[in-house]
Amino acid sequence: MIIDTTEIETINSFSKLESLKEVYGIIWMLVPIVTLVLGITIGVLVIVWLEREISAGIQQRIGPEYAGPLGILQALADGTKLLLKENLIPSTGDTRLFSIGPSIAVISIFLSYSVIPFGDHLVLADLSIGVFFWIAISSIAPVGLLMSGYGSNNKYSFLGGLRAAAQSISYEIPLALCVLSISLLSNSLSTVDIVEAQSKYGFWGWNLWRQPIGFIVFLISSLAECERLPFDLPEAEEELVAGYQTEYSGIKFGLFYIASYLNLLVSSLFVTVLYLGGWNLSIPYIFVPDIFGINKGGKVFGTLIGIFITLAKTYLFLFIPIATRWTLPRLRMDQLLNLGWKFLLPISLGNLLLTTSSQLLSL
């Protein structure tokens, strides 16, 4: 039997092409993920810098100014310092839970960004249940905090973990009910559909005006979920040293630091998507394209404008939680639980019933 060498070469070339296609397919899948991770990292660095500058302004002092221009590289300097510190592990604690806890907290929050639309269909995963995917994923983070507190074998850490779990359960329900009210107005659980539903009537079509009570409840609940003052009981310094972070150092302590700002950023992004119209400007932008001769209907220009508007709304909203940190005193644990169960839960239920009734009457 004579084997034609040209046939063998043809088969080999086809197999190489198939393998190259697979490699390119994998690279094409990784590009948006890597881009999103880099964007989130830069966003967190900007939040840290903004918080320090705003805090310095509120307290009438000078903020960071030596690490880079206007101190913008101070967060990188702090991160480098944490990387170089020794990673201590308690000898009497559960080392597995102690090591896994910070990773669970960070990864669960990172996954929430996959359903956030930064522009017109510029979203990593346009799921039909996008908003409830975020709620389900965000409820995993307190599990990591509880594991960290238990694995530290420290009474302060364990109490901090228990507080984090109790606080998350108390405020997750009002948050979910507010999201359900928004979904009823938009007839969809997709984040993209919710933004598009707000674009029909421009500025006055934002859910902020249609759901003012839900917006206030969502704001308070998201602050509690982020463990920001006045809801930072899981890491209250005067009572629990540093809560579930007490025994941590080095990169693991840095992961908790990153997780808190990741959670703050994702909550602000969801406020923008659910209540502030997302990527829609709602104001005609004729002046800038006409000056530079840019096609306003172009896809690239529209995408860039959408990203800019989403981030601008998000960072403007971030002033509220940053200013709140230096304005309000910390609540007691009983006050925190009473606020969640006795006030926010009935209000969010009433808001949901009103929304349902209005939707039924409009049919």
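Cβ coordinates are placed from backbone N, Cα and C, and glycine is handled just like the others.
The structure displayed is predicted, hence computed values, not measured ones.
Annotation comment: Swiss-Prot describes 30-50 (among others) as transmembrane segment, evidence class sequence analysis.
Using a Cβ-Cβ cut-off under 8 Å and counting only residues 6 or more beyond its ends in the same chain, the transmembrane segment (98-118) has close neighbours at 36-37, 40, 89-90, 124-127, 130-131, 133-134, 137-138, 140-141, 143-149, 151-152, 191-192, 195, 244, 247-248, 252, 255-256, 258-259, 262-263, 266, 269-270, 273, 278-279, 306-307, 310-311. According to Swiss-Prot, the feature transmembrane segment maps to 98-118 (among others).
For the transmembrane segment (127-147), same-chain residues at least 6 beyond its ends with a Cβ under 8 Å from one of its own Cβ atoms are 97-98, 100-105, 108-109, 111-112, 115, 160-162, 164-165, 167-169, 172, 175-176, 179, 182-183, 188-192, 194, 225, 234, 244, 259, 263, 266, 270, 274. Positions annotated as transmembrane segment by Swiss-Prot, on the basis of sequence analysis: 127-147 (among others).
According to Swiss-Prot, the feature transmembrane segment maps to 165-185 (among others), an assignment based on sequence analysis. Through the fold, the transmembrane segment (165-185) approaches residues 131-132, 135, 138-139, 141-143, 145-146, 194, 197, 207, 210-211, 214-215, 217-218, 220-222, 224-225, 227, 231, 233-234, 274-275, 336-337, 340-341, 344-345, 347-349, 351-352, 355-356, 359 of its own chain, all at least 6 residues removed from its boundaries and within a Cβ separation under 8 Å.
Long-range neighbours of the transmembrane segment (203-223) within the same chain, counting only residues 6 or more positions beyond its ends whose Cβ lies under 8 Å from a Cβ of the stretch, are 171-172, 174-175, 177-179, 181-182, 185, 194, 197, 231, 267, 270-271, 274-277, 282-283, 320-321, 324, 339-340, 344, 347-348, 351, 355. If you look up Swiss-Prot, you'll see 203-223 (among others) marked as transmembrane segment.
For 248-268 (among others), the entry in Swiss-Prot reads transmembrane segment.
The transmembrane segment annotation in Swiss-Prot covers 300-320 (among others) and is backed by sequence analysis. Long-range neighbours of the transmembrane segment (300-320) within the same chain, counting only residues 6 or more positions beyond its ends whose Cβ lies under 8 Å from a Cβ of the stretch, are 43, 46-47, 50, 54, 117-120, 122, 219, 264-265, 268-269, 271-273, 276-281, 285, 289, 294.
The transmembrane segment annotation in Swiss-Prot covers 336-356 (among others).
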State the residues, same chain only, that lie 6 or more residues beyond the ends of the transmembrane segment (336-356) and have a CB under 8 A from a CB inside it; answer 'none' if no residue qualifies.
-> 166-167, 170-171, 173-174, 177-178, 180-181, 184-185, 211, 213-214, 217, 220-221, 224, 231, 233
